[in-house]
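**Student:** Can you keep this structure in mind? I'll have questions shortly.
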Amino acid sequence: MREHRPIIALDFPSFEVVKEFLALFPAEESLYLKVGMELYYAAGPEIVSYLKGLGHSVFLDLKLHDIPNTVKSAMKILSQLGVDMTNVHAAGGVEMMKAAREGLGSQAKLIAVTQLTSTSEAQMQEFQNIQTSLQESVIHYAKKTAEAGLDGVVCSAQEVQVIKQATNPDFICLTPGIRPAGVAVGDQKRVMTPADAYQIGSDYIVVGRPITQAEDPVAAYHAIKDEWTQDWN
């Protein structure tokens, strides 16, 4: 099922900055928030407990990639934090992804990163030594993710349709790199607007700087949310 709330990427360096940012929103508004490496390493597990205590949903974006037993043990800890979604690198392999699923359990969604949206095809071929097209690599990883029993993948919006065709229509496609028209793309190589992401079939979208660095973050969030959901029945 699609998530009507854009996921806000809390790419902040400290707990205090997060508190200041969230204070801009009405206390009763339930948000979907992404905690990435920078914030998690700065604030620790307490940041997840804090956000959950405020009634928000949390996507813990740590992209685990290690031997299966280590990932399984780490996922057991993350399940105790009450995260709503977390992820691994599909490149870790099917056995690692199966171990992650076992460790996390079924209470939270588990997705895999195929290729980072900052990766171009030329970079993939040169540095990863993968001599296929970028799309072929993404589809391969998506199929392996489905085989491992995960809920979906992180992918660019341009790849959503082929991934769902290669797996199944209910396979989650979470799309970062979402930018409203006219906003700078930053370090993302493959970007799309919220409306385009909806039309192409994305289930979740992640938006960072267009909200967090906006002059009015609350207004920016609601404008993006409105664009994302404008054609929903």
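Cβ from N, Cα, C; glycine included.
As annotated in Swiss-Prot:
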- K63: active site, proton donor (ACT_SITE)
- D11, K34, 61-70, T117, R179, Q188, 208-209: substrate binding site (BINDING)
**Student:** I'm trying to understand the geometry here, so how far is the Cα atom of D11 (substrate binding site) from the Cα atom of the residue listed as 'active site, proton donor', in Å to the nearest whole number?
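**Tutor:** Just about 15 Å between their Cα atoms.
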**Student:** Can you see whether DSSP assigns P68 (substrate binding site) to helix, strand or coil?
**Tutor:** helix
**Student:** Under DSSP, is K63 (active site, proton donor) part of a helix or a strand, or is it coil?
**Tutor:** strand
**Student:** Can you check which residues sit near G208 (substrate binding site), meaning Cβ under 8 Å from its Cβ, same chain, 6 or more apart in sequence, and list them in order?
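**Tutor:** Residues satisfying the criterion: I8, A9, D11, K34, P176.
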**Student:** Note down the number of other Cβ atoms within 10 Å of the Cβ of L62 (substrate binding site), including every protein chain shown.
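**Tutor:** Taking all protein chains shown, L62 (substrate binding site) has 16 Cβ neighbours within 10 Å.
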**Student:** I'd like the Cβ neighbour count for H65 (substrate binding site), meaning other Cβ atoms within 10 Å of its Cβ, all protein chains included.
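**Tutor:** Result for H65 (substrate binding site): 18 other Cβ atoms within 10 Å.
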